[in-house]
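A quick write-up on the structure given underneath.
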Amino acid sequence: MEGLEACIGQSHEVMTTPAAELAAFRARKVALITGISGQDGSYLAELLLSKGYKVHGIIRRSSSFNTARIEHLYSNPMTHNGDSSFSLHYGDMTDSSCLIKLISTIEPTEVYHLAAQSHVKVSFDLPEYTAEVDAVGTLRLLDAIHACRLTEKVRFYQASTSELYGKVQEIPQSEKTPFYPRSPYAVAKMYGYWIVVNYREAYKMFACNGILFNHESPRRGETFVTRKITRSVAKISLGQQESIELGNLSALRDWGHAREYVEAMWRILQHDAPDDFVIATGKQFSVREFCNLAFAEIGEVLEWEGEGVEEVGKNKDGIVRVKVSPKYYRPTEVETLLGNPEKAKKTLGWEAKVTVPELVKEMVASDIALMKANPMA
């Protein structure tokens with residue numbers, strides 16, 4: 001298959017590829033990761049390289065460097081030997097021709113689609129862009145695979161989200177729980193979810209959704225609430241900051257560790273048949289409880305006073321460490337998310353092992369080290 005010529009004139013008929021040809025194709029172990037420079041993409045790249053894959057990643061062109069999370073891989077001579085185990089390519093989920101070109105050139109055996117505008121609150125400010133990237137971008141990537149006649153050969157993973165459940169219809173949420181999205185981000189991801197199902201059913205593509213509940217790590221983006229908390233706690237411990245402003249302290253979430261969740265992504269694509277899975281811990285904590293755990297790591301116990309936007313968290317000396325600001329509330333809040341991971345445990349043999357206290361401990365320690373080395377980080 002050479003260049004774009006192989007992708008022109010593709011019919012919508014379902015092709016049948018001989019088993020021997022499929023086996024030989026998959027034995028190549030070539031992965032393409034969109035969103036490779038993000039939290040999940042960086043952990044997934046590490047995992048796949050450790051399993052002997054050739055890893056290709058798509059990054060967006062930027063005037064500033066945005067590859068900090070994967071710099072250790074890109075500069076590692078072990079991933080830049082003669083067979084080029086790790087490669088990065090410029091691309092964008094809004095550019096169909098670029099995606100077709102990459103798919104036809106790389107011919108991946110597995111595609112992990114992680115790229116997204118993934119900040120829920122930002123999606124209210126940028127609803128059209130969020131839909132363009134998260135919804136239509138997923139379609140573009142699936143259609144690129146189909147256009148390049150790789151529909152039967154490629155295994156496709158779509159990073160779906162617990163935000164699909166939004167105004168939850170049952171607790172806990174499983175693969176059978178009805179969706180009720182409460183943000184432009186969640187609505188866009190719901191389209192992504194169903195277009196994956198559609199391509200699986202229409203073209204017999206090995207296409208899967210991982211409905212991942214919140215997952216964190218020291219590599220989490222600084223604007224997400226968990227990382228915002230641990231960064232602020234680190235700064236407070238070093239005298240660089242006095243307090244932190246947050247939104248809904250009572251919001252309940254099912255938090256896990258991103259490093260474990262990318263293992264689930266890989267297992268989903270190694271399963272015998274394509275399917276959709278909830279990936280979660282099955283345990284729930286509030287934002288307030290996350291704050292308590294984080295401050296405990298620097299020896300401070302918080303006492304909470306007031307309600308709503310008047311609520312504050314004070315240390316034993318009466319110093320206010322946590323304040324509530326209306327600007328961090330979403331127009332439509334998602335009050336509670338709790339996943340039921342039984343299907344993943346039974347079918348994939350996957351279950352979360354890192355507890356939330358362990359996760360918080362790791363994140364706070366990492367941010368303290370970061371702030372000591374670079375107070376302006």
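Any Cβ shown, glycine's included, is placed from N, Cα and C.
Residues or ranges marked as active site in Swiss-Prot (evidence: similarity to another entry): T161. Annotation comment: Swiss-Prot describes E163, Y185 as active site, nucleophile. Under the heading NADP(+) binding site, Swiss-Prot lists 35-40, 92-93, 114-118, Y129, K189, H215, R220.
Cβ neighbour count for Y185 (active site, nucleophile) (all protein chains, 10 Å cutoff from its Cβ): 27. Considering only the recorded positions A115, T161, H215, the residue whose Cα is spatially closest to the Cα of Y185 (active site, nucleophile) is T161. Annotated pair D92 (NADP(+) binding site) and the residue listed as 'active site', C-alpha to C-alpha distance, rounded: 21 Å. Long-range neighbours of A115 (NADP(+) binding site) (same chain, six or more residues apart, CB within less than 8 Å of its CB): T34, G35, G38, I58, M93, V133, G137. The Cβ of E163 (active site, nucleophile) has V120, P181, R182, S183, Y185, A186, K189, V334, L337 as same-chain neighbours under 8 Å, each 6 or more residues away in sequence.
Here the Cα atom of T161 (active site) is found 9 Å from that of S118 (NADP(+) binding site).
In the shown protein chains, 25 other C-beta atoms lie within 10 A of the C-beta of T161 (active site).
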